[in-house]
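The block underneath contains the structure these notes are about, expressed in structure tokens.
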Amino acid sequence: MAPRLDFSDWWAKDTRKGTPVVVKMENPNYSVVEVEGPDSAFRPVDKSRGKNAKQVTWVLLLKAHRAVGCLTWLATVFWSLLGTIKNRLSFTHPLASEKLGRDRWLFSAIKLFLAVSLLILGFEVVAYIRGWHYFKNPNLHIPTTTLEIQSLLHLVYVGWLSIRADYIAPPIKALSKFCIALFLIQSVDRLVLCLGCFWIKYKKIKPRFDEEPFSNDNAEGCGYVYPMVLVQIPMCNEREVYEQSISAVCQLDWPKDRILVQVLDDSNDESIQQLIKAEVAKWSQKGVNIIYRHRLVRTGYKAGNLKSAMSCDYVEAYEFVAIFDADFQPNPDFLKLTVPHFKDNPELGLVQARWTFVNKDENLLTRLQNINLCFHFEVEQQVSGVFLNFFGFNGTAGVWRIKALEESGGWLERTTVEDMDIAVRAHLHGWKFIYLNDVKVLCEVPESYEAYKKQQHRWHSGPMQLFRLCLGAIFTSKIATWKKANLILLFFLLRKLILPFYSFTLFCIILPLTMFVPEAELPVWVICYIPVFMSFLNLLPSPKSFPFIVPYLLFENTMSVTKFNAMVSGLFQLGSSYEWIVTKKAGRSAESDLYSINEKETSNEKSQLLRGVSDSEILELEEQKQTKKPVKKTNKIYHKELALAFLLLTAAVRSLLAAQGVHFYFLLFQGVTFLLVGLDLIGEQMS
């Protein structure tokens, strides 16, 4: 057995000088206290024992050091944030500010509210300093006699109090009640949609079809042969994403003789046209039935492009048409999961698949967009598809029965939402729709605020244009009365008009005004509890986004400015309501897929890809792909958002004087959000 070496005993033997001491007391709380050698220093020390000045000094120095370190860290973070803001704003071009144009009316109204708010805030600050404090209690006695008036400024302030109580507060109260009523109605609608979604999940309701509805063998004449499918890819100057879309569509698992791919190129850039032609030639040499079409007269935007493609003579041989935008990548089994639903269902006109986003985690802006779109697909469209057999066509990732398109009037160029237009007209003609939540098509969302804002403007101005145009047709149609009511009250008014109206009016105009008119103050549940609950419902389809509930709520209120402006512009045909701007794409969904495709291609195949293109054109195209010009990124300044930021921050100062906790924090954070968006500090910079 190894010998035991206890160095502590040896050390204690030489250094221990004292002996154990036993202390006995007449009425002890404890019997024995034993004081030993060096190890006694590691025993718990009595807390009542006093500290000398040296110990206190060291403790204070340690705490001071920690405090200085924390302040240094905060200062470093704040300085880095300021540096980032400075770097982004340094790329702001004087001509890159927002073009107001004929939409200047909203900016002028916001500036007027801001000027009046600053003037009233000056009065309130003077009143606070001089101790008048009338704004703390709306029911406080207002001086009326000359003896109670202290000065000329006091007279003006008292006059403002009288005008505020008698003339300004009543209309604000009435408008507040109206907006709150709309808010509650829309909240009930959202709650019902969520309950419907839960019921679908609980009952596992989803469209189904036979295992193998089609067969290549038609010898017995049983009618199970694969139907003829036309696939259309409309695009316009899509340099970043054209290749991924064409390659994905050309790999669809469908008999080669039963499918035709139309690449509908509306590009006005000749270099992009040549790239797309080369890509079409590549897949044509691989045996894919694909053609390239380019219009000489580019009218009607996407609707004109699709209308021109459907006018071709060979389209008569096809029964269905699938549409994919330039950034969409369907899986190879897309047609086998969608087209079979049409079999034995002659009333079915549309099968819509769900979108999924490759860049949803790219930045804060894409995360917030993912929350909105997940609720739209998972809840709104799925519930409408199951219980109503109707929803708005998304313009892509869907399959139409060509007969339904023709009977509904085809593609029309009268609005910027041709997809919703054809869906409403098909619904009025009695066609049914199916939404497939399990069939997902990869795409991307805008990564810059400028691109997202333009997209949202088109998505909210177009429905109002369509509402004006088709209201008469809805009343005169032969569909059931409850379907007409659903179209007018829910589909158009509640979800396309009322939502942006009350969101902007209630949280961006009325709320800051009530800070200067306390008689019309909004209750806490309107600005806090109900919005948080509604945001919670919106996040249910994307549970991983719950940490972003507060930024989502603030950003949605910020986007209400764009949506309200677009809604009014479309309803009254103001500003750029008929303007179509192609959403800028980053092409991130192409990187991994194109890499895997290139890995599969052999050198022999590469030599045969562009057999129909000359050597000089091949060299030129390869140079265009390899040489990337340095891209300069710039920021834009958004005037309406900045004006609202200062309005909300002014109202926050006013609420701080009145010691209103919840109102102050909401206005402060909402104002800061408007400021960040107005300076284009969210999302990627525009190139």
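Note that Cβ sites are derived from N, Cα and C of the backbone, with glycine treated the same way.
The shown structure was predicted, so the numbers you read here are calculated from the model rather than taken from an experiment.
Feature annotations, courtesy of TrEMBL:
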- 321-529: domain 'Glycosyltransferase 2-like' (DOMAIN)
- 67-85: transmembrane segment (TRANSMEM)
- 105-128: transmembrane segment (TRANSMEM)
- 487-516: transmembrane segment (TRANSMEM)
- 522-540: transmembrane segment (TRANSMEM)
- 642-658: transmembrane segment (TRANSMEM)
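Confidence across the domain 'Glycosyltransferase 2-like' (321-529), taken as the mean pLDDT and rounded to a whole number, stands at 94. Within the chain, the transmembrane segment (487-516) has long-range Cβ neighbours (under 8 A, six or more residues past its boundaries) at 113, 117, 120-121, 124, 164, 172, 175-176, 179-180, 182-183, 185-186, 189, 380, 392, 424, 427, 460, 463-464, 466-467, 471, 474, 522, 526-527, 531, 556-557, 560-561, 563-564, 566-567, 571, 644, 647-648, 650-652, 654-655, 658, 660, 663, 666-667, 670. Packing against the transmembrane segment (642-658) from elsewhere in the chain are residues 107, 110-111, 113-114, 117-118, 120-121, 124-125, 128, 135-136, 508, 511-513, 515-516, 518, 561, 664, 667-668, 670-672, 674-675, 678-679: each is 6 or more residues past its ends and has a CB under 8 Å from a CB in it.
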